[in-house]
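Written below as structure tokens is the structure these notes are about.
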Amino acid sequence: MGFNVIRLLRGSAVAVVLAPTVLLTMLSSAERGCPKGCRCEGKMVYCESQKLQEIPSSISAGCLGLSLRYNSLQKLKYNQFKGLNQLTWLYLDHNHISNIDENAFNGIRRLKELILSSNRISYFLNNTFRPVTNLRNLDLSYNQLHSLGSEQFRGLRKLLSLHLRSNSLRTIPVRIFQDCRNLELLDLGYNRIRSLARNVFAGMIRLKELHLEHNQFSKLNLALFPRLVSLQNLYMQWNKISVIGQTMSWTWSSLQRLDLSGNEIEAFSGPSVFQCVPNLQRLNLDSNKLTFIGQEILDSWISLNDISLAGNIWECSRNICSLVNWLRSFKGLRENTIICASPKELQGVNVIDAVKNYSICGKSTTTERFDLARALPKPTFKPKLPRPKHESKPPLPPTVGATEPSPETDVDTEHISFHKIIAGSVALFLSVLVILLVMYVSWKRYPASMKQLQQRSLMRRHRKKKRQSLKQMTPGTQEFYVDYKPTNTETSEMLLNGTGPCTYSKSGSRECEIPLSMNVSTFLAYDQPTISYCGVHHELLSHKSFETNAQEDTMESHLETELDLSTITSAGRISDHKPQLA
């Protein structure tokens with residue numbers, strides 16, 4: 001009994017002693033599993049954008065993925081990743097790596113994805129990738145590679161995609177990809193490659209996509225690719241290719257897309273260029289220097305469902321007719337911006353419209369071009385006159401170099417004029433609608449001002465009606481009026497003698513001026529006779545005739561003149577007696 005108790009005490013004592021050691025070991029392993037400044041998600045370690053110049057040494061041995069992107073690493077040392085046996089992917093892009101040791105990737109045989117893009121690597125040793133034979137994806141793009149070793153990718157038999165984009169490669173060694181039998185994507189775009197050897201792609205029996213765009217190829221020979229029996233997409237846009245040829249009789253049945261846009265292709269070397277690609281579905285020939293395409297080439301495009309031909313220098317002559325006829329019968333996708341570049345009269349006109357409107361493909365004998373002056377469409381404003389019916393005559397022989405305009409042009413002009421009429425009527429309707437809307441809004445927002453406008457308009461109408469009624473009431477006969485303007489001599493004689501000669505003018509106008517009734521002040525301070533309007537311009541009343549008004553006015557004027565003369569004579573006598581009294 002006592003021995004059992006002692007044993008239990010001893011066991012508990014051992015446990016108490018070992019517990020701190022176990023805890024310290026666990027803490028140290030935890031600290032080693034996630035380095036300082038990094039982010040750990042399970043067995044994935046992300047040490048990104050930390051300006052690291054060295055790879056942390058405290059990374060857990062069970063790490064499956066390590067990302068060291070956007071740091072300042074400059075080189076990879078010998079056995080740099082020793083101890084990371086479980087690592088399956090490694091991201092080292094966007095660093096300053098310029099030197100990689102030949103044995104830097106020792107000990108990570110399970111690695112499947114290696115990203116070294118956007119660094120400063122200028123070369124690789126032949127044995128650099130030998131320890132990572134299980135690679136599936138290798139990205140070496142955006143570096144400064146000038147050349148590749150002949151055994152650079154030896155042993156990478158499981159590689160599926162290889163990216164060498166945006167480097168400075170000028171040549172590709174022969175059979176460099178011979179061990180890459182499972183490679184499906186090869187990207188050699190944006191380099192300085194001028195030519196390729198025939199055995200460059202030897203062994204690549206499963207390649208499906210090949211990028212050779214933005215290089216310096218001057219010609220393309222489809223005989224370079226007979227070993228690429230599984231290739232489906234070939235990208236060779238934006239090179240300097242001017243000629244496409246085929247020097248080998250073989251059938252490339254796997255190719256489905258060919259991109260040759262942005263080159264300098266002027267013509268095809270022979271009618272059998274595209275006969276070796278019977279299953280071609282998508283062809284890009286835009287932005288080249290093609291002027292026409294022969295009927296033999298068009299006949300070889302038997303399986304196309306998408307074509308791009310814009311941006312070429314198409315010559316709209318009879319040579320273009322075969323292409324236009326083919327485009328009209330083509331049922332796939334195509335661009336409608338196929339524009340004429342010559343002759344000068346048709347620059348900027350759509351090729352199909354030019355052939356349709358100007359009868360380029362009409363019957364002609366010797367010349368190919370058409371006479372533009374005879375082929376111009378008729379103006380829309382010219383009226384159509386009925387054609388007289390003549391007796392049937394034998395047809396005249398066609399003139400050389402001229403074609404009769406097609407009747408389709410008249411139909412087009414009729415459609416254009418009809419559309420203009422519709423557009424004008426719609427514009428007129430919209431303008432009227434806007435005016436009504438403005439009036440309605442102003443009526444709702446400013447009702448007082450609208451009422452004032454209505455009252456003013458009613459007053460104007462009332463005045464207008466009143467004037468018309470007065471005009472109807474005035475007599476139509478013309479009356480004569482006397483205009484009397486006395487002179488200075490006549491005035492003095494009238495003052496002294498009481499009578500004197502006078503002159504007056506007789507006129508037949510309704511608007512006249514007569515002198516006012518004269519009094520003493522008028523004669524004493526006389527500069528110009530004061531005038532007033534006659535009574536003709538007063539409104540005529542229906543119960544009072546004009547003659548009575550005139551008689552009353554004359555009687556009043558006579559009375560006023562008699563009074564004035566009496567006052568003048570009395571004033572003269574008083575002035576005569578004054579000197580005598582003096």
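Positions of Cβ are set from backbone N, Cα and C atoms, glycine also.
Residues or ranges marked as domain 'LRRNT' in Swiss-Prot: 31-61. Residues or ranges marked as N-linked glycosylation site by Swiss-Prot on the basis of sequence analysis: Asn126, Asn357. For 378-410, the entry in Swiss-Prot reads region 'Disordered'. If you look up Swiss-Prot, you'll see 63-83 marked as repeat 'LRR 1'. Residues annotated as repeat 'LRR 2' in Swiss-Prot: 86-107. The repeat 'LRR 3' annotation in Swiss-Prot covers 110-131. Marked as repeat 'LRR 4' by Swiss-Prot: 134-155. Annotated repeat 'LRR 5' per Swiss-Prot: 158-179, in sequence order. Per Swiss-Prot, repeat 'LRR 6' is recorded for 182-203. The repeat 'LRR 7' annotation in Swiss-Prot covers 206-226. Feature annotation from Swiss-Prot assigns repeat 'LRR 8' to 230-251. Swiss-Prot lists 254-275 with the feature repeat 'LRR 9'. Positions annotated as repeat 'LRR 10' by Swiss-Prot: 279-300. According to Swiss-Prot, the feature signal peptide maps to 1-30, an assignment based on sequence analysis. Taken from Swiss-Prot, the feature topological domain 'Extracellular' applies to 31-420. What Swiss-Prot records for 442-582 is topological domain 'Cytoplasmic', and it gives sequence analysis as the kind of evidence. The feature transmembrane segment is assigned by Swiss-Prot to 421-441.
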Can you name the far-off residues of the same chain, 6+ from the ends of the repeat 'LRR 7' (206-226), with a Cβ under 8 Å from a Cβ of it?
165, 181-196, 198, 200, 232-248, 250, 252, 259-260, 273, 276-277
Residues sitting near the repeat 'LRR 9' (254-275): Cβ under 8 Å, six or more positions beyond its termini, same chain?
213, 220, 222, 228-246, 281-291, 293-294, 296-297, 299-301, 308, 311
In terms of Cβ proximity under 8 Å, which residues at least six beyond the ends of the repeat 'LRR 4' (134-155) contact it?
93, 109-126, 128, 161-177, 179-180, 187
Let me spell it out: take the repeat 'LRR 5' (158-179), skip the flanking residues so only those 6+ beyond its ends count, and list any with a Cβ under 8 Å from a Cβ in it.
117, 133-152, 185-194, 196-197, 199-204, 211
Kindly report the helix/strand/coil residue split of the repeat 'LRR 7' (206-226) according to DSSP, in that order.
3 helix, 6 strand, 12 coil
Count up the helix, strand and coil residues in the repeat 'LRR 4' (134-155) according to DSSP, in that order.
0 helix, 3 strand, 19 coil
Tally of residues which DSSP labels helix, strand or coil - the repeat 'LRR 6' (182-203):
0 helix, 3 strand, 19 coil
Who are the long-range neighbours of the repeat 'LRR 10' (279-300) in its own chain, taking Cβ under 8 Å and residues 6 or more past its ends?
237, 242, 253-268, 271-273, 306-315, 317, 319-320, 322-323, 326, 335, 341-342
